[in-house]
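Okay, so here's the structure we're looking at.
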Amino acid sequence: MAITHYQMASFQSSFHFCMLRKTLRQKSSLHFAKRCEATNKIFQTHGSVAIYQKTLWTHDLIDGLETDFLINRKEKVNELEVNVARMFMDYENGDISNLELLELIDNIERLGLGHRFQTNMKRVLDKIATVNENSLGLKEEEEEEEEEEDNLHALSLKFRILRQSGYRVSQDFQRKFKESRGGLTGGLKELLSIYEASYLSLEGEPDLHEAKLFATEKLLKLTGHENEAMKDHVNHALDIPLYRRMLRLEARWYIDAYGKRKDANKQLLELAILDFNIVQSAHKRDLQEVSKWWEKTGLVRKLDFIRDRLMECFFWSVGMVFEPQYYTCRVELTKIATLITTIDDIYDVYGSLNELKVFTHAVKRWDINAVENMPEYLQLGFLALYNTINEMGYETLSAQGINIIPNLARVWGELLEAFLVEAEWTHNNYMPTFKDYLDNAWRSVSGMVLLTHGYFLMNQDVKDDAIESLENFHDLFKWSSMLFRLYNDLAALADEIDKDKSPNAISCYMYEHSVSEEVAREHVKTLIDKAWMKMIEARIACSEHMTDPLIDMAINLARVSSCMYQYGDGIKDPEARTKDRVMSIIIKPFDTSEIP
């Protein structure tokens, strides 16, 4: 029954893709109109008019990127990988301490090499997690030799790595953490370890909050230190804590920083540099593939009011899932992100309220016949969405025998319902309560759409009860989406926070509580910290049911949100920092001339 149903959907998808191309040709000279409900006037939007700045990354530029870095490097990479893997065997043979192992794992993850050593790391972390925590994870013969500062560093590092890996850290462990704080001396390694560990706290752990305040205060005093290396590390940590950083950006920065260390492991560093370039080359190939798709849709040429943000959307998908083996997930998530951006622009800046209602209901019903009642620009948007999702569904059905289209269509319908609520608020000049706003806004930010598609794209063994399985991870996805929303709203410029414009978290809080913008922003920052705690708890709860790549994808959504909205809206108005970040992780490779 499911196969018969999908064959019909697949046929419709093929037919209506042809319809989309025909419509694009017919509408080559189309001028779009935006209705102003208040005055009943029609404003013409011509192709020469652009609401948003043009893309910095053209299709021709992307198509010309070099992608052949791996040639003649496989043998060297394999040799280095084997040598690094031996370090884990050294630990299991008793040749290195727990502290040395934890520092190795920390370096591997920060250098972007975690995807190569997942099995090795899980095996030894399982062992460490079962060690009597009263020993602080140190071998008995080492305890007398380790200085207090090193013990505190080891304690913090162990806590952070175990918790970020999904292990439950006992209350007894935290009690020892509290007792050890009395021996804090303020050394940089110790302070940084305490600081980074404190950002893995859960609700009801005030001792870690106090440790965060202490370490932050001490680190702030070192920001003007004459030692440039020390100052760089301190400023980097205070900018965004490690657990909240986008993984590829951290890898790029840490490879440079690690290379300046006198104690750097040369083989580990060489592997990190080669691996970064190899992964980057894979990303370039993915980007070229999705760029051809985006060019083929013709949406940018025909809908002159939308943002052309393919590169930024690809950057976003790399932030969510960078590992080379998940190339299909990365490419398809980029398509989803560009469609979300396109449809968001339709709801935000172009469509009339009545037209948006028609579009929303059509998507909720997944009804291709509804296009007959739409204006041309909505037909283009609907058909692009319909064909793309049906094609994804076809690939999953072909490979695994499961029809996921109803699941994907459902989350799209829910997203557009949330879009419509916001459009109605704006149309009616209505300012919702802060609670009502957030209840809708964590859905309208599109995190659930991205994560649901990612779930099916990454999951190689989709079952008939996939939708029920998704519900088990609702909290993880919800808090990741909430962080996405809060970071987005925090990026709003002062002149955008206006009661007469679309509500956001800051304007709603200001209006409801009669407070200043500064007070509202501080409240949102507090909610961000609480949401991270909620998400970490949800991550731990999911560890027993969900594979690590899926959990990581949800956490990475929050991380890339933190990055893209750090200096403003990096999607709406890409500026110099966004361009530099794209260059650093997608375009510009490391120099490997000194690696034999």
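All residue numbers here begin at 1 and follow the chain in the order shown.
Just so it is clear, glycine is given a Cβ too, placed from its N, Cα and C backbone atoms.
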Of the candidates ARG301, ARG307, ARG521, the one that Swiss-Prot places in the (2E)-geranyl diphosphate site of ASP344, ASP348, ARG485, ASN488: ARG307
Other CB atoms within 10 A, centred on ARG307 ((2E)-geranyl diphosphate binding site): 25
Helix-strand-coil residue split for the motif 'DDXXD motif' (344-348), DSSP-based: 5 helix, 0 strand, 0 coil
Diameter of the (2E)-geranyl diphosphate binding set by C-alpha atoms, the set being ARG307, ASP344, ASP348, ARG485, ASN488, in angstrom: 19
C-beta crowding around ALA492 (Mg(2+) 3 binding site), within 10 angstroms: 23
Cβ-Cβ neighbours of ASP344 ((2E)-geranyl diphosphate binding site) (radius 10 Å): 21
